[in-house]
Ligand SMILES: C[S@@+](CC[C@H](N)C(=O)[O-])C[C@H]1O[C@@H](n2cnc3c(N)ncnc32)[C@H](O)[C@@H]1O
């Protein structure tokens, strides 16, 4: 593979005797993977249903390598939110972060949401997950991935760490900074990243990375943990950023995740004496280039505490939603609903005054001519067992694909709204009348 000259020269200096082996790995094919959505499917069922799985990814419990020639994006199960298509190394940072149900977690550079969905699945919809990105255009795919995965405890924001300080100072238990970087680790997979690389000025990303970290640190509570990750090899963007950060912030320390380090020989230590960091090298591991390191803010660290409001909704119910819930047998007893710009949400209850919020909690639906229309996000979140009116389309016949393409189906079932499931997994909504199912699968999500 032709590689940028500047990159080759730098890597030669960095890797010395290992350089030839490293550079030879660029003539091999990239590896591909998918990550199971544990919110929707058990490991056993996943192994039975997905035919193109290869061996498990050693550093990620839910991750699997897949056949190089498989097309997971065309898989109907993908459109039911059963997995995320993720380059195997990219699953490492969240394993290191280890978010738990009930925690307050920030995914600061989140779009398009690969790591957000991994965090969300681990949190089991308990606690609060703020998924932020500075690039507004990228928030649409972030929101879609969150909805498809059935995550309901997240807020998608369009801020920077600096602008989040009010109200989130010293607030989060865990923060992921999956920083923008020069992307050297993706050259084997993505021609565009390689071509863009030659246009970057030297150290274009370093200042940005330092600045992001410098603000992110204030959002972490004393005793909280932060993972910094990139998909690049450059020590300027990895070890040097962290060493300088530790030099300037004595209330932070490195955390060695011995378990992960020992999980497989494929994970290497950081360079420049940063043994606690983890590197994935393509000539050592079955994955593309990646870097991740975990830092902890000491318990003694001090600072202002932000003032995050918890919103007490007045157990508001909306008549049209109630009528719909009664019709399909959905228990919305504990749901506090809010109406915003015509759309109805079950929000997270975390105050976001002054923040640019793109999505909050679960979009339940909207009202049209006084009638409730359930949302795609609601269908993705629900399981077939949550309602007593559903139709199940098998995966073998042509119907499943027809449904995902937005076509009308001929099917038997109860009149009115039905949750449409494919092979038992919720896919969307449909309205039945006299054996004809009017398709309500979201237009923007339809398969081509
Ligand atoms: C490596 S990508 C993130 C990939 C994502 N974590 C995933 O797993 O799908 C880096 C992201 O950082 C965002 N970004 C750049 N500068 C930022 C900043 N100052 N604050 C927040 N996000 C930023 C970019 O828009 C980009 O989406």
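Even glycines carry a Cβ here, placed using N, Cα and C.
The secondary structure of residue 231 (active site, nucleophile), as reduced to three states from DSSP, is coil rather than helix or strand. Around residue 231 (active site, nucleophile), the same-chain residues six or more apart in sequence whose CB sits under 8 Å from its CB are 89, 90, 181, 183, 184, 185, 186, 288, 289, 290, 291, listed in sequence order. Annotation comment: TrEMBL describes 231 as active site, nucleophile.
Cβ neighbour count for residue 109 (S-adenosyl-L-methionine binding site) (all protein chains, 10 Å cutoff from its Cβ): 23. As annotated by TrEMBL, S-adenosyl-L-methionine binding site applies to 109, 110, 111, 112, 113, 114, 115, 133, 178.
According to TrEMBL, the domain 'SAM-dependent MTase RsmB/NOP-type' annotation covers 1-298.
In this model, the domain 'SAM-dependent MTase RsmB/NOP-type' (1-298) carries an average pLDDT of 96. As a whole number, the greatest separation of Cα atoms within the S-adenosyl-L-methionine-binding residue list 109, 110, 111, 112, 113, 114, 115, 133, 178 is 13 Å. Annotated S-adenosyl-L-methionine site 109, 110, 111, 112, 113, 114, 115, 133, 178; additional same-chain residues within 8 Å of its Cβ mean position, judged by their own Cβ, are 107, 116, 131, 138, 142.
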